[in-house]
Amino acid sequence: MLVSRNYIARPSTYKKLPTIRSMSLETKNPSNRVAICHMRSTNDTENNRLQVVEIVKKAKEKNANFVFLPECCDYVGSNVPETLKLSQTIDGDTMSFYKNLSRTNKLWLSIGGFHEKVPKTNNTESDKIYNSHVILDDNGDIVGNYRKLHLFDVDTPEYKFRESKIVKGGHSILAPISSPIGNIGVMICYDLRFPELSTLLRKQGSDILTYPSAFAFTTGEAHWETLLRSRAIENQCFVVASAQIGYHNEKRRSYGNAMVVDPWGKIIAKCDNNKEVDVAVTDIDLDVAAKVRQNMPCLEHRRNDIYSLSVMSKKFVSPSTKDFVFEKYPIPHETIFYESNHSLAFTNIRCVVPGHVLVASRRSAKRLKDLAPDEVADFFQTVCIVQKMTESYHQTNSSTVTVQDGEFAGQTVKHLHCHIMPRRPGDFKFNDEIYIKLAKHDQHNADPATRRSIDEMTAEASEYQKLFLLKNFD
């Protein structure tokens with residue numbers, strides 16, 4: 001969490017470099033060694049960097065190849081204005097510092113909570129930031145950037161907290177990151193209380209779940225260990241959780257108790273809560289996870305015929321620069337105004353009504369029955385989103401939405417697609433005339449003069465993209 005909680009105490013003002021604790025190890029594979037840590041971030045960014053440098057140094061001495069830093073490892077602001085002022089974009093000098101540290105020491109680095117400044121819009125500074133978890137490889141390159149989904153907004157007798165006051169929630173789940181220690185599912189702090197997210201990451205192939213945190217002291221004392229062990233047991237994954245500890249300022253105190261939990265729920269590394277800054281190391285043995293999953297294949301026992309979890313499709317409002325083949329017809333990329341994982345939307349070369357657009361499956365499937373379940377869900381989610389957008393743009397509250405599913409249903413292009421046609425009062429004398437016109441509008445012997453120019457379709461697509469950027473149609 002990124003802004004202050006109502007605790008009353010005064011932190012020490014002196015600067016202190018870490019003391020390090022490690023666990024004795026009999027390692028099978030030293031390349032799988034990870035380091036977790038405690039640290040006490042404040043608004044003194046230079047002192048925070050000193051702590052990180054020393055943590056990395058000691059982790060390296062213990063032969064760790066992957067160092068996990070906690071949430072807010074860059075700083076903890078004393079108030080909202082300071083928190084915003086200290087934030088930086090992903091290409092700023094703070095991230096350059098971490099990249100250089102990773103590259104110089106030839107190790108992977110989990111930056112568990114980076115205050116990422118939201119880029120300017122129309123030269124106007126945003127009043128929000130992202131709470132980002134960035135993964136760097138041992139070359140110092142960014143291989144993943146997860147923006148926290150669940151924001152800590154609570155109101156209890158002890159304190160009131162509104163993370164959403166300055167933090168903009170993320171919009172997608174980051175797919176597991178392949179690394180030398182296994183596939184990593186990336187999350188942050190409060191995400192720990194939402195087991196669906198960890199289960200989805202497990203289904204996507206995660207071996208390790210990460211929860212860098214700045215857990216409040218009272219909630220941490222009650223729930224921290226229980227939640228971490230629960231996520232490990234139910235997903236049969238390693239759980240890695242570095243943590244902030246102690247008083248960051250007069251209002252904010254973190255619980256600490258950084259730990260690594262194995263897939264059986266056993267704590268295999270833990271930092272010392274009597275030390276302001278501490279490091280613990282352990283090995284991630286994927287054979288342990290494989291054995292647990294083999295002996296108790298819980299994922300296979302899920303009743304997917306009764307219930308399921310699915311991820312909403314990722315949206316790409318600014319599509320790629322690659323043209324799309326619609327059966328055998330090239331669709332210029334300039335006319336594509338929206339994409340998801342499995343679908344895309346583009347302007348139409350011949351329109352039955354103004355604003356008539358198409359949504360097509362990204363994969364070359366002829367009919368609905370040819371789609372996989374996740375593709376079906378994605379296709380119709382995209383149809384709904386695009387319909388909302390076109391109705392907003394054309395200022396109407398009605399649309400004809402139809403799929404010509406097969407030759408005898410009127411399909412002329414043998415690639416699954418949906419027609420979205422905004423409707424207006426009186427556009428047809430008899431409402432069902434639209435289907436007659438639809439059946440004739442794209443026949444192969446249609447008048448070439450009815451074809452719209454690329455420039456016209458591109459201009460229309462550009463207008464739709466602008467609207468998507470201004471409004472949320474999910």
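Every residue gets a Cβ built from N, Cα and C, even glycine.
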Which range, 130-134, 225-229, 405-409, 415-419, does TrEMBL list as motif 'Histidine triad motif'?
415-419
According to TrEMBL, which candidate in N348, N431, N472 joins Q404, G410, Q411, T412, V413, H419 at the substrate site:
N348
Surrounding residues of the motif 'Histidine triad motif' (415-419) on its own chain - C-beta under 8 Å, 6+ positions past either end:
326-327, 352, 356, 358-361, 364-368, 370-371, 379, 383, 400-405, 438
Looking only at the motif 'Histidine triad motif' (415-419), what are its DSSP counts of helix, strand and coil residues?
0 helix, 3 strand, 2 coil
